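A.B. asks: Here it is: the structure, laid out below.
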């Protein structure tokens, strides 16, 4: 008899069929067991879980007593209580490599569109307001040869540094727990303190995940140290930045502009002051949102779950210590 799994996000047909070759697949639209009796029943039998989003904590895990593996279609896993999963011997799988290049592309797009005011100016053209050459009050700022400061020199940070260094001749500063030899050799990147990065960067680019250590890492005190001409780009996690402090800094000119793909609350509330600011480019968490990358992420998550439930995991496990007991 095939193991039972719960799939709580739509995936391409061929990937669904691949899961069905190995498991009895119970498909649902999201995780709301209180409102879906069928989901509650499926969770009771499920050995595997695959999807994205949802809150997977102690209370949820009590609904799935037979769960052995969870596979998230994402690189981030802050919605999972990793300690609770580990205590129960449940392997948590994620997709850390397949979205790297696409997220770096998104960050470059935010840098360019924010610096050159692409969204504002495109909206003016569409509104029929382009009647003469624009004045200097609508000019943007250069990206090339400006200094980029990267918070977090992981895979995405490296891909962003590559684009900045080779594509735009940008000096690269970065912060990380330890120096990154490859970044320094390939891109001439300079490892520095957060204070130095804040003071020198023209573009402050955040690629960090959400942890207890990174929560509100960039707040009012840090924003006050940034150049008034600097632009903040966040495609890591929203809560890394104190959003209220950022709003104030954008309103009073403490910093020049911001390009944001992530927010403290998602979807972004319709009454958020960020939506009223001309110096903000806000997009709906699209970092990995291309057809190709989303397919590859789903395929990776499918393979991850198959590997976890068949005892063949070689990579992509957040808590590999649980595999020893399997």
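Heads up, the Cβ atoms here are built off N, Cα and C, so glycines get one too.
Owing to the predicted nature of the structure, the values given are computational and were not obtained by experimental measurement.
The active site annotation in Swiss-Prot covers 237, 266, and the record cites sequence analysis as its basis. Taken from Swiss-Prot, the feature active site, proton donor applies to 285, supported by sequence analysis.
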A.B. asks: Please name the residue among the active-site residues 237, 285 whose C-beta has the most neighbouring C-beta atoms within 10 angstroms.
C.D. replies: 237
A.B. asks: Using the alpha carbons only, what distance in Å do you get between residue 266 (active site) and the residue listed as 'active site, proton donor' once rounded?
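C.D. replies: Roughly 8 Å, rounded to the nearest whole number.
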A.B. asks: For residue 285 (active site, proton donor) and residue 237 (active site), determine the Cα separation and express it in whole Å.
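C.D. replies: So the alpha carbons of residue 285 (active site, proton donor) and residue 237 (active site) sit roughly 9 Å from each other.
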A.B. asks: What is the total of other Cβ atoms whose distance to the Cβ of residue 266 (active site) is within 10 Å?
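C.D. replies: Counting Cβ neighbours of residue 266 (active site) within 10 Å gives 12.
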